[in-house]
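Take a look at the structure below.
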Amino acid sequence: MADVVARPAPTEQNYRADLWIALGLFVAGVISSGLMSVVSFYGETQVGIEWALLTTTVVCGALAFRRRYPIAVAAIVCATYFVGVTFQVPEVHVGNIAMFIALFTVGAWVNDRRRAFWSRTIITSLMMLWLFINMYISATADVEIEDGLSRVGLFSPYVAWMLLNVLINIGFFGGAWFMGDRAWHAAIEHERLRQRTRELEAERERTAAQAVALDRVAIARELHDVVAHHVSAMGVQASAARLMMTKNPQATAEALTTIETSARTAIAELRLLLETLRTPDDGADAGFASTLRLEGLRDLIDHVNEAGMPTAFTVLGDERVVPNVVQANLYRIAQESLTNARRHGGADATADVRLRYDPYFVELEVTNTGRSMLQVRPGLGQLGMRERAAASGGTIEMIPRARGGLLVRVQVPLAPAAPTDADLAEASA
């Protein structure tokens, strides 16, 4: 997942909230200006209330745009506060609140973190520099500050007053900085979570779509394998029956019997497939696969011989335990290979099926004479065979033979067989 480095832009709801905050602070500023003017906060040097209302209007008006232009708003608010205190405008409380909010907004909403850092550094440094200049002027003056604080001693009341001002300002600006950064990082983490949630939802939809597509492919493959083999045999036998109908009634009857058997077998397999598809149990596929085993290859070969294509079957090696799914896939590949040989090989085509067991793999080899199916337009059967071989973790080869026909070889790796008692006895001898 790509790292999220930008906070999403403010929404219209955020902008409306800024307006309400600015309006609330403006009302508070008007009240504060009136009360501070009444109590004469700065004494006789204090300016009129109209200046307090002006600075309050500027500060609150700028604050209404704090999320649109955070750095500019922070600069305007701090500069206005500086002017107000310097010229003893009777309003400082709302100005302090506005300055904190403005600096917080820079940290929380400026995605360019370098600009956010340097803008806050410059503003904070200038405000602290102004504080120290005022403290220096006050410390070097001949007159006592208000309340007549004594300057006698290393840690006099006057020194304590200056330290208190420094600590308050450090806490003020540091708090705005820290809380702004925390808000920005929290928003980034929230956006990362939202993006990850969207990605997971998209992945779930893709997975569901792929599962549906795979199910459709599997159903199409099973239907093809179930129907094509038997319908092909029925077509060949029907053609033979038509040709022999008047010449050899006995052969015609045998061909019709084979057609009937193929039709019944196809219907039975279709019913089994439909029952498997309708069963929600996860073991249904395994149950369907268990009906198609390598032991059934002999019956398949007998059926092909009865359909009129001479076919031999040979088993090589010691029989191994083969997973049911692998057995079903090998059975279907043999069935499809023989169907193609009967369909495309011609009337004189023959076939040879070899099943070889090895300690490390099982191999199925189907060869046929006559015309190769690769010489005609490729169909779904070839694709289905390749898919079944891949699903079993094996490889498949389809090689045209020099004397005509096709060689189909499938090899599926197996786990090494456990040593028998005879093997252990021989090894210990």
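Please read every residue number as a count from 1 along the shown chain.
Even glycines carry a Cβ here, placed using N, Cα and C.
TrEMBL: automatically predicted annotations, no manual curation.
What TrEMBL lists as transmembrane segment is 20-42 (among others).
Feature annotation from TrEMBL assigns domain 'DUF7134' to 35-115.
Under 8 Å from some Cβ of the transmembrane segment (48-65) lie the Cβ atoms of residues 18-19, 21-23, 25-26, 29-30, 32-34, 36-37, 72-73, 76-77, 80-81, 83-84, 87, 89-91, 94-95, 98, 101-102, all in the same chain and six or more residues away from its ends. If you look up TrEMBL, you'll see 48-65 (among others) marked as transmembrane segment.
Counting residues 6+ beyond its ends, the transmembrane segment (70-87) has Cβ neighbours under 8 Å at 47, 51-52, 55, 58-59, 62-63, 95-96, 98-99, 102-103, 105-106, 109-110, 115-116, 119-120, 123, 126-127, 130 in the same chain. Taken from TrEMBL, the feature transmembrane segment covers 70-87 (among others).
Residues 7, 10, 21, 25, 28-29, 32, 55-56, 59-60, 62-63, 66-67, 70-71, 73-74, 77-78, 80-81, 84-85, 116, 119-120, 123-124, 172-173, 175-177, 179-181, 183-184, 187 of the same chain lie 6+ residues outside the transmembrane segment (93-110) yet bring a C-beta within less than 8 angstroms of a C-beta in it. Summarising the annotation, TrEMBL assigns transmembrane segment to 93-110 (among others).
Long-range contacts of the transmembrane segment (117-138) within the same chain: residues 71, 74-75, 78, 82, 103, 106-107, 110, 145, 162, 165-166, 169, 173, 177, 180, each at least 6 residues beyond the stretch ends and with a Cβ under 8 Å from a Cβ of the stretch. For 117-138 (among others), the entry in TrEMBL reads transmembrane segment.
The transmembrane segment annotation in TrEMBL covers 158-179 (among others).
When DSSP labels each residue, the domain 'DUF7134' (35-115) comes out as 59 helix, 0 strand, 22 coil, counted as helix, strand and coil in that order.
As a whole-number mean, the pLDDT of the domain 'DUF7134' (35-115) in this prediction is 91.
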